[in-house]
Amino acid sequence: MNPFQKNESKETLFSPVSTEEVPPQPLSLPKKPPPKICGSNYPLSIAFIVVNEFCERFSYYGMKAVLTLYFLYFLHWNEDTSTSIYHAFSSLCYFTPILGAAIADSWLGKFKVLSLVGLSLIALGTGGIKPCVAAFGGDQFEEKHAEERTRYFSVFYLSINAGSLISTFITPMLRGDVQCFGEDCYALAFGVPGLLMVIALVVFAMGSKIYRKPPPEGNIVSQVVKCIWFAISNRFNNRSGDIPKRQHWLDWAAEKYPKQLIMDVKALTRVLFLYIPLPMFWALLDQQGSRWTLQATRMNGNLGVFVLQPDQMQVLNPLLVLIFIPLFDLVIYRLVSKCGINFSSLRKMAVGMILASLAFAVAAAVELKINRMTPPQPGPQEIFLQVLNLADDEVKVTVLGDENNTLLEESLRSFQKMPHYAQLHLKTKSQDFHFYLKYHNLSVYTKHSVKEKNWYSLILREDGKNISSMMVKDEENKTANGMTTVRFINTLHKEVNISLTTDIFLSVGEDYGVSAYITVQSGEYAAVHCRTEDKDFLLNMGLLDFGATYLFVITNNTSQDPQAWKMKDTPANKLSIAWQLPQYALVTAGEVMFSVTGLEFSYSQAPSSMKSVLQAAWLLTVAVGNIIVLVVAQFSGLVQWAEFILFSCLLLVVCLIFSIMGYYYVPIKPEDLQKPADKQILHTQGNVINLETKKTKL
């Protein structure tokens, strides 16, 4: 084999090079056209790929749908930590496609990575699946069916969102409607998506014999990196003014790498440069499963016909995608085209960014509306205190400061509580408060310690002819999580065992024992079974509203069974969860214009040897977007509505930058990517050809 490529020029400039050879790979193309679906131009293999993607996305999105609430309620992390870990996981899932793409294009090929690596190891599986499956589907089409291939990406995206739609609706039901060990059944919510991964593997393997499998073309990622590095170093070594300039900086790799590879790398780097602003869009889109879900926990999910769980609100996104994709493809884009407007792929993506920015502006407005209806939270050197009188007569309560100054004074009748929490200021992070209690002709002084940023209930009770008090710390941030919670105080002289549901049991100690908070589904609780050591009885707890916190005092009635005195510590969520519909509609419309278009754009602009690499780079922008959310959640310190405004403004700025970059971008035509060229790398027997200042005739 001639170690040098044939060159019509008689004189060539060279730099020191160290060359290597990659042996040519034989093509493995089908000898006859692949079977089609019902006489159309769509390959039959597409059906297996689309069904596989449906099952895989069911698994992925089903697991993600309950992930934030799993962190918040099961692991008891705070909202910022839950958001950060959620987006760290999402980022990791979209970083691994770089590894999967390198393996697919370099050694195993897309089919083997997808079936062996992606579906066998779920933790790293996303990295194997994501960069390969879309490109592998595109590989099933012949070049003469480019129009059908474009439509395939819309069908492909439909399958993604069909899986997401069903899983984000069903998985929260498995979590909330089924009880495991007295709590929400996260084991079942994670187990069903795992089963769907097994089904995905089986379906994908069934189509193995009819897939069109282009072979891997060598270590493409390595060749790209080496080609870029050689071009930079060669240009640096030949920076003398006597050496003619070249049209493109990558042309400085021509001494070592074939023309076709250099052309492919040029196409790759041009698209990668265009990808730089894209992560900000994903930073907004992926907050549906974190910040928007947390926002939904503080809203009322009762829609009349059914009650929607906070994590079920995410079902709107895939549902609207299934509606918007045919609406945009068949109606809106065609109307725009008939108006003579050139609505290019990059323009669609820019409009998608604007819509996502507007969605977060709407989310900020909803957040402000929620804040106006939500009781404030205690801040630094503050506590919230309420007083409950469980004595048989009126008690006057006076809260005294360090200098015996009156901070709070309240008279409460029997079985009455303060109408709302009182805000008390501390001089330090923890402080002792003195309480003066006047009951009948009896005056009692008592002292209780409190710590900042907490809720407390002072419970007054009679002890024969005396009056006493106990301080109970209420649930932290109980108005923030939006769940319906209850707790009990047992005034009986016997322990009470309560069965709230068939799976939720608790015991409340005798003589004013106080239970922990229990999270329950909202609804009617007309007959709750209770038991003491000598009798069974039923408690009528009435309607438990969405997002409210209740206190039930079990009292003895000599003529009847014990009864429950019901008090609402925290009011129910008043703002309907339906107020999130506009922001979901805007962000989903933006997703259809940005993501579906970008998916097809990435495939169309990718050289044939680098389609999985460019798909992985597209997914890498998703990973970077999630890192942006992680950083902002941990370090911004902003209130939620201000954080939404920040993201909205950032995306508008990024959209302007992207529009300027897109204006100067010239899309690559398919025929430019198909030009035949020698892909063999130059090889020399010698190690060094030093012609920085010499000219050599070939």
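For all residues, glycine too, the Cβ spot is worked out from N, Cα and C.
Annotations in TrEMBL come from automatic prediction, not curation.
Among the features that TrEMBL reports, region 'Disordered' is placed at 1-30.
As annotated by TrEMBL, transmembrane segment applies to 58-76 (among others).
As annotated by TrEMBL, transmembrane segment applies to 88-107 (among others).
Taken from TrEMBL, the feature transmembrane segment covers 113-133 (among others).
Summarising the annotation, TrEMBL assigns transmembrane segment to 154-174 (among others).
Sequence annotations record features per position, and here TrEMBL assigns transmembrane segment to 186-206 (among others).
The transmembrane segment feature in TrEMBL is assigned to 267-285 (among others). Tertiary neighbourhood of the transmembrane segment (267-285): same-chain residues 224, 228, 250, 346, 352-353, 356-357, 359-360, 587, 590-591, 594-595, 598, 602, 605-607, 610, 613-614, 617-618, 620-629, 632, 647-648, 650-651, 654-655, 657-658, 661-662, 665, 668, 672-673, selected by CB-CB distance under 8 Å and a gap of 6+ residues from either end.
Residues or ranges marked as transmembrane segment in TrEMBL: 315-336 (among others).
As annotated by TrEMBL, transmembrane segment applies to 348-366 (among others).
Annotation source TrEMBL lists transmembrane segment at 616-638 (among others).
Per TrEMBL, transmembrane segment is recorded for 644-666 (among others). Sequence-remote contacts of a segment are chain residues at least 6 beyond its ends whose Cβ falls under 8 Å from one of its Cβ atoms, and for the transmembrane segment (644-666) they are 270, 273-274, 276-278, 280-281, 283-284, 287, 291, 346-347, 349-350, 353-354, 356-358, 360-361, 363-364, 367, 632, 636, 638.
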Residue numbers, six or more beyond the limits of the transmembrane segment (315-336), whose CB comes under 8 Å of its CB atoms: 61, 151, 154, 157-158, 160-165, 168-169, 288, 343, 580-581, 584-585, 587-589, 591-593, 596
Close approaches to the transmembrane segment (154-174) from elsewhere in its chain (Cβ under 8 angstroms; 6 or more beyond its ends): 46, 49-51, 53-59, 61-63, 65-66, 134, 137, 185, 188-189, 192-193, 196, 309, 311-312, 314-315, 317-319, 321-322, 325, 329, 595-596, 599
Distant-in-sequence neighbours of the transmembrane segment (616-638), which means Cβ under 8 A and at least six residues beyond its ends: 80, 83-84, 87-88, 90-95, 97-98, 100-102, 130-131, 271-272, 275, 278-287, 290-291, 598-599, 602, 646-647
